[in-house]
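Asker: A single structure is presented below for examination.
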Amino acid sequence: MLLFVLFCLLWNFQTSTSHFPRACTSFQNLIEKECCPPWSGDRSPCGQLSGRGSCQDILLSNAPFGPQFPFTGVDDRESWPSVFYNRTCQCSGNFMGFSCGNCKFGYWGPNCTEKRILVRRNIFDLSVPEKDKFLAYLTLAKHTISADYVIPTGTYGQMENGSTPMFNDVNIYDLFVWMHYYVSRDTLLGGSEIWRDIDFAHEAPGFLPWHRLFLLLWEEEIRKLTGDENFTIPYWDWRDAENCDICTDEYMGGRHSTNPNLLSPASFFSSWQIICSRLEEYNSRQALCDGTPEGPLLRNPGSHDKARTPRLPSSADVEFCLSLTQYESGSMDKAANFSFRNTLEGFASPVTGIADASQSSMHNALHIYMNGTMSQVQGSANDPIFLLHHAFVDSIFEKWLRRHRPLQDVYPEANAPLGHNRESYMVPFIPLYKNGDFFISSRDLGYEYSYLQDSDPGFFQNYIAPYLEQAHQIWPWLVGAALVGAALAVAVVALTNLLCHHKRKQLPEEKQPLLMEKEDYHSLLYQSHL
């Protein structure tokens with residue numbers, strides 16, 4: 001009942017965001033290849049009159065990519081977003097957004113000058129009202145059409161190079177489902193030909209930065225939708241889990257009593273319809289997912305292929321990942337050995353660090369374990385557990401960044417798979433973001449994890465250790481100064497007492513005061529302290 005009331009109260013908010021701005025999908029925009037809509041504050045393109053930004057040419061990196069994709073000019077996602085646009089808003093200072101109408105992550109206020117850090121918490125640490133509010137927000141997002149964004153239903157070629165725009169409305173939740181589908185879909189080569197070995201958000205260095213941005217944008221949209229400026233995604237700490245302890249009707253949906261592949265009717269999510277899950281159908285038609293509902297959310301946790309995924313990740317597995325010093329290595333794809341990214345993603349063993357195509361561990365293990373909609377890459381974001389799972393994966397990434405403190409140039413500048421170089425713009429986001437921009441601490445992006453706050457070795461290392469080191473270097477001088485100061489203090493007190501005693505002897509007995517005046521008392525008290 002509480003969820004229903006919250007849902008009704010929140011229904012009044014009708015705003016959204018995602019990544020083909022509605023304002024940039026007209027015939028004129030696509031023909032001119034320009035996405036520089038006016039900011040609502042002053043009605044000038046990119047808020048230029050207010051100094052927020054300006055419309056500029058997009059500069060693409062010339063760094064070479066790896067050999068994994070042997071084609072050129074066959075996929076709209078190559079050299080993103082140049083197939084669709086070659087001019088977009090470039091925002092100034094702390095402003096951000098497709099019209100420079102938002103603040104950069106971690107900044108707030110009308111002029112984006114206020115810095116703030118929000119905390120992502122374990123879902124089991126939320127109070128019942130907090131947890132119910134989160135579930136209500138998910139449901140509201142699923143039932144609110146985006147006011148700002150649409151999804152393309154055809155390739156640029158199918159749009160006749162922009163002369164025939166093909167876009168559909170989509171609700172806020174499904175907008176993000178579609179983005180995850182689009183970034184990982186196969187390349188359509190024409191006829192019945194496709195290329196499967198392509199992914200702009202997985203199996204390569206961009207895996208962790210891409211999903212970090214995905215979660216940040218999702219949080220931002222929920223804040224706009226609900227007006228809850230303190231909202232953060234909770235995480236599910238799955239270390240050493242023996243089963244899916246969030247798979248209950250109280251949380252993310254329990255199992256159906258008669259059909260184990262469906263969710264319990266008592267769960268809000270049992271009525272959800274999924275999208276973008278029929279990849280083979282799209283490939284056979286050489287078509288894109290258009291957001292059409294495709295059936296109920298499927299989940300049957302634990303009834304998966306146990307030969308591929310024998311168990312869920314352990315604390316020891318996570319610690320081994322964190323011990324790996326290299327972010328990337330070798331081919332920088334799913335065959336990379338001793339790569340932190342590849343091991344955390346789940347293509348390399350969390351015991352040896354060696355790539356193993358027969359096993360799915362770590363991040364991948366959770367997807368396989370759910371044995372349903374979440375187990376297929378392109379459609380996995382349909383399941384709201386996806387958000388909680390990736391929030392925890394991101395926290396492990398954050399812990400690695402704090403432990404090893406890599407410079408930004410540790411992220412590969414060149415020779416990574418297509419779309420994964422440091423200066424590559426991430427698909428399919430507009431405004432534009434580079435992979436390397438998110439290879440930084442979460443604190444610099446305005447958020448923190450509660451369990452890292454409680455046990456952050458970086459705090460001692462960054463703030464306490466430097467002072468102790470300085471003290472260690474100068475302690476002999478400090479001790480010497482203390483001894484000299486003490487000797488001087490004793491000498492001053494002795495001399496003062498001697499002078500006072502001599503003065504008293506000179507006074508006649510009848511003129512010696514019985515009580516000290518107030519000024520004399522304070523003078524003596526000061527001398528005693530000295």
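Any Cβ shown, glycine's included, is placed from N, Cα and C.
Where the annotation comes from TrEMBL, it is an automatic prediction and has not been curated.
Taken from TrEMBL, the feature domain 'Tyrosinase copper-binding' covers 202-219, 383-394. The annotation signal peptide is assigned in TrEMBL to 1-18. Here TrEMBL flags 474-500 as transmembrane segment.
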Asker: Report, as numbers and ranges, which residues of the same chain sit near the domain 'Tyrosinase copper-binding' (383-394): CB under 8 Å and 6 or more residues beyond its ends.
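Answerer: Non-local partners: 120, 123, 138, 208, 211-212, 214-215, 218, 233-238, 246-247, 252, 269, 297, 299, 344, 363, 366-367, 370, 372-374, 442.
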Asker: Take every residue in the domain 'Tyrosinase copper-binding' (383-394), average their pLDDT values, and give the whole-number result.
Answerer: 98
Asker: Using DSSP, what is the helix/strand/coil residue split across the domain 'Tyrosinase copper-binding' (202-219)?
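Answerer: The breakdown for the domain 'Tyrosinase copper-binding' (202-219) reads 13 helix, 0 strand, 5 coil.
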